[in-house]
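If you look up Swiss-Prot, you'll see 1-177 marked as region 'Terminal protein domain (TP)', on the strength of sequence analysis. Annotation comment: Swiss-Prot describes 178-346 as region 'Spacer', evidence class sequence analysis. Summarising the annotation, Swiss-Prot assigns region 'Disordered' to 219-269. Look at Swiss-Prot and you will find 223-235 tagged as compositional bias 'Low complexity'. Per Swiss-Prot, region 'Polymerase/reverse transcriptase domain (RT)' is recorded for 347-690. What Swiss-Prot records for 357-600 is domain 'Reverse transcriptase'. Sequence annotations record features per position, and here Swiss-Prot assigns Mg(2+) binding site to D429, D551, D552 based on sequence analysis.
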Amino acid sequence: MPLSYQHFRKMLLLDEEAGPLEEELPRLADEGLNRRVAEDLNLGDLNVSIPWTHKVGNFTGLYSSTVPCFNPQWQTPSFPSIHLQEDIVDRCKQFVGPLTVNENRRLKLIMPARFYPNVTKYLPLDKGIKPYYPEYIVDHYFQTRHYLHTLWKAGILYKRESTRSASFCGSPYSWEQDLQHGRLVFQTSKRHGDKSFCPQSPGILPRSSVGPCIQSQLRKSRLGPQPAQGQLAGRQQGGSGSIRARVHPSPWGTVGVEPSGSGPTHNCASSSSSCLHQSAVRKAAYSLLSTSKGHSSSGHAVELHNFPPNSSRFQSQGPVPSCWWLQFRNSEPCSEYCLSHIVNLIEDWGPCTEHGEHRIRTPRTPARVTGGVFLVDKNPHNTTESRLVVDFSQFSRGNTRVSWPKFAVPNLQSLTNLLSSNLSWLSLDVSAAFYHLPLHPAAMPHLLVGSSGLSRYVARLSSHSRINNNQHGTMQNLHNSCSRNLYVSLMLLYKTYGRKLHLYSHPIILGFRKIPMGVGLSPFLLAQFTSAICSVVRRAFPHCLAFSYMDDVVLGAKSVQHLEALYAAVTNFLLSLGIHLNPHKTKRWGYSLNFMGYVIGSWGTLPQEHIVQKIKMCFRKLPVNRPIDWKVCQRIVGLLGFAAPFTQCGYPALMPLYACIQAKQAFTFSPTYKAFLSKQYLNLYPVARQRPGLCQVFRDATPTGWGLAIGHQRMRGTFVSPLPIHTAELLAACFARSRSGAKLIGTHNSVVLSRKYTSFPWLLGCAANWILRGTSFVYVPSALNPADDPSRGRLGLYRPLLRLPYQPTTGRTSLYADSPSVPSHLPDRVHFASPLHVAWRPP
């Protein structure tokens, strides 16, 4: 007969136990009993022949694709002109006095942030915008282009103008304009590994030299020596400044590069012009080899035509207009859905390209992207605005992956020790937190996004269109793109974007100027930045509390009036540093702080209500006696694991589920195991703050017996049969807690100290978790442990009781006070003393 739920609870000692704990508890360590219970609860039978269940409530397998939902009415969020002040360290010093070593180090990390991956894989421009919504290809293309354009205008992206230059908007930083003695300085990092062809690296070019530079001397390029007249011979054409570059000694025929420049052509100093010249010549040949549409030296879209050098058409006609969009103006409509109808709607479609306010030299940047982008809802609660998802996952994959730096995440107990108090709380919302942190321009070539232009994008995704023989953009196949769907989409989009349709239909390549969200380095940098700022705020207001995790910043003060004054002072300080706060999203929590999914009050910590509801829903939908896919089990364990510390048996109760996930086998819930878990999660107990105190209770064990020292009283006992030492130590800790009721126990066993009971026999782990809940352990060396003698059967010998003070830890959770000096032989996991214990003692 299967094990009933009531019997199982009694066995785990969760109800009033029958016999004394010293007899009952060691039985739970018995292997035979654990095996029988596992069989009764159907926990051990992992190989099942019935088909697996792949969906439980909202949980589907971890790798199943949820169908994304496109919203044609998405609004692009606005980005304020975010500019973090470069003298942030000096401003912090003015605010609080000299900074600590840790604060200094963290602020220097992000001024500017650097990113040097081992290997960067460049992808064709066609992969710039991911075809994530097959039904809404054109709408998604324009919405994404508009989002990228908005980011560029806000100074978050660089726009690649040529192989070695880029333009951007917003205020420049000093590392973007390193000028010495009037000429640009070469500052390529050795680690970057980019052998520069140009004797200058990042530095802003004078605005007048935005037009391509011309040079008449003979220079060597990758294509071999060029005759002087074959170089970029510039000529004014009706004042438009467009240039025709022709590379004669090329075995692949003639290349026509026709950008429409934005200003008159200027001659530059020979060193800089040769660099631009080489990049243009290289670029022309490079793009001819690899792609039918590339970028010229000034970053405009170029069309490449493959004509024999003596072609009559080539000589007789003027340059073909290079803009795909404007070519429709001169062509006959092919049908009622021809794009020429849209192009002829207005005379002035505006420029083919826009330039930023500042121009900067960059390391060599190919006309490629390194990651794709697409749009999703801003968050589950806000579906009116979109969010850009950038996929730079190439840096986290394969043998050349970058191992991202680790950083401290506060665990539940540390968070409770720190924040559980009778303070009033409010939380601040930093708008676009990631986009505050500037990146060094040398990182730009590794973080490229963009698009190949509307014509290629549509052509690539429509089956009837062909890009043959580099003929894309000539009249024969110009109309291949025309279709009813495209026509209707563009007509609707014209209402939204107007003449920007033309600008967005051109190819573009953009590199990140601020840290992007899709790179593993970004969370680390953001955590360092906000924790350093909070550390400064805490030292400026020692009677208050400021704490942050990523972009979530909370402030606490003893009264509401005090909190409002603190809020005003801190807000002004953050604004003076250039940090943008969203005042509409400031939340005042009263005495119960909602933070990181928890509710934290003076009574301790509990999970937030929406998580409790999710758990209830999960148990309602959980099928019994049906094998559930282990990927779905991962989702279930993720949810239950978050709330496990608030239950009686904690993580050990979930061990059967962990075992099935590890074995990649389906898991079948028996009615008893499901009832046990759902009862566990029905009553959640708060995790309380640990209190400092003096340890008066000690325990010790050997494989055959245990001993306790409770004040001046000594006790000992023996086990029926010898047990593994860790199991014996855990049992001794349980006996000490149940005999003395003390919440502070001295032990020398590291496994007991860690309070992780998942590696013990399953039943014992569950019972011990409940008995030792809320107990703190203090390390006592074996030689000084008063319980050492009783555990070995010697009751007559008395060692003096130690005065062992206990101070609860707040871990390394971004509290960077000066740590005491440590001997060099200690491991490098140093305990950072909290400044709170110096300046302000929690009530």
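For all residues, glycine too, the Cβ spot is worked out from N, Cα and C.
The C-beta environment of D429 (Mg(2+) binding site), restricted to residues of the same chain at least 6 apart in sequence and closer than 8 Å, consists of D551, L581, N582, K585, T586, K587. Within the set of binding-site residues (D551, D552), the lowest number of other Cβ atoms found within 10 Å of a Cβ is recorded at D552. Taking the mean position of the Cβ atoms of D429, D551, D552 as the Mg(2+) site, the remaining residues of that chain whose Cβ falls within 8 Å of it are S427, L428, V430, A433, S548, M550, V553. Note on the domain 'Reverse transcriptase' (357-600): its mean pLDDT in the predicted model is 84.
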